[in-house]
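Here's what Swiss-Prot has on this protein:
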type	residues	note
SIGNAL	1-23	signal peptide
DISULFID	Cys30-Cys45	disulfide bond
DISULFID	Cys36-Cys50	disulfide bond
DISULFID	Cys39-Cys53	disulfide bond
Amino acid sequence: MKIFFAVLVILVLFSMLIWTAYGTPYPVNCKTDRDCVMCGLGISCKNGYCQSCTR
């Protein structure tokens, strides 16, 4: 059980790393620049979407 949990944690961490490095496959809606914090620092909200977070 511990091995399964460790593998699961590693998969989650790698998926989060890939998400932040390459953006998301779907547009991230936002109202202000603060809504785009999950995409990284300095990402701006334009036309209701986080620009650099969307592929």
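Glycine is treated like the rest: Cβ placed from N, Cα and C.
Here the Cα atom of Cys30 (disulfide bond) is found 11 Å from that of Cys53 (disulfide bond). Counting in whole angstrom, Cys53 (disulfide bond) lies 10 from Cys45 (disulfide bond) by their C-alpha atoms. Recorded residues Cys36 (disulfide bond) and Cys45 (disulfide bond) have their alpha carbons 7 Å apart, per Cα-Cα distance.
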